[in-house]
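Visitor: This structure is in structure tokens; I'll ask about it shortly.
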Amino acid sequence: MTKQLTVAIVGATGAVGSKMKEQLIKRKFPIKHIKFLASARSAGKEIEFDDKSYIIEEATPEAFEGVDVALFSAGGSVSAKLAPEAAKRGAVVIDNTSHFRMHPEVPLVVPEVNRGDLAKHNGIIANPNCSTIQMVVALQPIREKFGLSKVLVSTYQAVSGSGVSAIEELRTQSEQWDAGKDVEANILPAKSDKKHYPIARNVLPQIDVFTENGFTYEEMKMINETKKIMHLPELHVAATCVRVPVVSGHSESVYIEVENDATIQDIFNVLKDAPGVVLQDDISQQIYPMPIYVEGEDPVYVGRIRQDLDNKKGFHLWIVSDNLLKGAALNSIQIAEAMLEDNLL
Ligand code: A2P
């Protein structure tokens, strides 16, 4: 019989936390007991799960007593403070924030790519950045067959990646535009940065704040995390991350260079059978992936595959996935499922 587990969701009221609830039910995760943790603001309020009502508790170190799996998605500072407390009390933490991702002792896992890394955990597993997850799911099968030397990506990222408040801001700004009112911007491109710009009827070439080298933190996450997950420290990766006025579903234009000769048909064949990937590419019928159609769907969709006109080892791909699902909640639950199957929980 499958082991039944005590699960905690930290950030249960948030955009990703809500999807974690849905995924646990949809995937029939074996739950003995579940607790919902959030800030003191939400403590005492009711939350629905599987047709039952639960009381939200404040996330404190003691709240993790008896917890087997703690799914964190309440921001980096909450993870920094509470993930070690949860691990100390015997929970396996699956952390959706960037806080522990590049820590050498913390596995950073996309099960389709590096499931084997889970066995090396010390109580904390990191769930990668949303844009990185969908990209590596599509690139790993190509890399396995043809090698991979270069990845240049531009993203078109949805506002839900910035949480419930950013979704609300897009809605409000759209209404303000339609009503001919002044458009107010308080959150994007990055809450903690000095200036804020409208996202409605706009695109923002900044996600997160800038680092010293001119790339943003989001771009550096894609660069560093891709190398770590794929175990390719020498891979040439560059990213430009852009926020677009889409609620859910990140899109990416990706240029890759492979090491061995490959034809476009080879790339099609590899992606057709790849785990977690749906090939959606028929230009004669104008078939290609788009965010409004992937919202609520599990897979990573790939289309618009072209061989580069000047470099036979260069290929262009268009990769789209629901950033709150494979990019966040679904990948976290798949990590927990893989750990259960591999007797790591
Ligand atoms: P709360 O609703 O009580 O503020 P999102 O990414 O969609 O904005 O969601 C953030 C999530 O993180 C929410 O569930 C939020 O809870 C939670 N959160 C924010 N600050 C804290 C904190 N200090 N301790 C625990 N949870 C927090």
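Keep in mind that glycine also has a Cβ here, set from the backbone N, Cα and C atoms.
So TrEMBL lists the following for this protein:
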- CYS130: active site, acyl-thioester intermediate (ACT_SITE)
- HIS250: active site, proton acceptor (ACT_SITE)
- THR13, GLY14, ALA15, VAL16, ARG41, SER42, SER160, GLY161, ASN323: NADP(+) binding site (BINDING)
- ARG101: phosphate binding site (BINDING)
- GLN157, ARG243: substrate binding site (BINDING)
- 6-121: domain 'Semialdehyde dehydrogenase NAD-binding' (DOMAIN)
Visitor: Within 10 Å of its Cβ, which one of these binding-site residues (THR13, GLN157, SER160, ASN323) has the largest number of other Cβ atoms?
Guide: ASN323
Visitor: Taking each of ALA15, ARG41, CYS130 in turn, which of these recorded positions have a Cα lying within 10 angstroms of the Cα of ARG243 (substrate binding site)?
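Guide: Among ALA15, ARG41, CYS130, not one has a Cα sitting within 10 Å of that of ARG243 (substrate binding site).
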Visitor: What's the number of neighbouring CB atoms sitting within 10 A of the CB on CYS130 (active site, acyl-thioester intermediate)?
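Guide: Within a 10 Å radius of the Cβ of CYS130 (active site, acyl-thioester intermediate) lie 28 other Cβ atoms.
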Visitor: Going along the chain, which residues six or more apart from ALA15 (NADP(+) binding site) have their CB under 8 A from its CB?
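Guide: Listed in sequence order: SER160, GLY163, VAL164, ILE167, LEU324.
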Visitor: Which one of these recorded positions, ARG41, ARG101, ARG243, HIS250, has the sparsest Cβ neighbourhood, judged by other Cβ atoms within 10 angstroms?
Guide: ARG41
Visitor: Average pLDDT across the domain 'Semialdehyde dehydrogenase NAD-binding' (6-121)?
Guide: 98
Visitor: Which whole-number value in Å describes the distance between the Cα atoms of CYS130 (active site, acyl-thioester intermediate) and ARG101 (phosphate binding site)?
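Guide: That comes out at 12 Å between the alpha carbons.
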Visitor: How many Å separate the two farthest-apart Cα atoms among the NADP(+)-binding residues THR13, GLY14, ALA15, VAL16, ARG41, SER42, SER160, GLY161, ASN323?
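Guide: Between the most distant Cα atoms of the NADP(+) site, 26 Å.
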Visitor: Measure from each Cβ of the recorded positions ARG243, HIS250, ASN323 to the atoms of ligand 1 and list the residues where some distance is under 6 Å.
Guide: none
Visitor: C-alpha of ASN323 (NADP(+) binding site) to C-alpha of the residue listed as 'phosphate binding site': distance in Å?
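Guide: If we compare the Cα positions of ASN323 (NADP(+) binding site) and the residue listed as 'phosphate binding site', the gap is 18 Å.
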Visitor: Per DSSP, SER160 (NADP(+) binding site) is which: helix, strand or coil?
Guide: helix
Visitor: Any idea what the Cα distance is from HIS250 (active site, proton acceptor) over to GLN157 (substrate binding site), rounded to a whole Å?
Guide: 4
Visitor: Across the domain 'Semialdehyde dehydrogenase NAD-binding' (6-121), what are the DSSP residue counts per state (helix, strand, coil)?
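Guide: Counts, helix then strand then coil: 39 helix, 32 strand, 45 coil.
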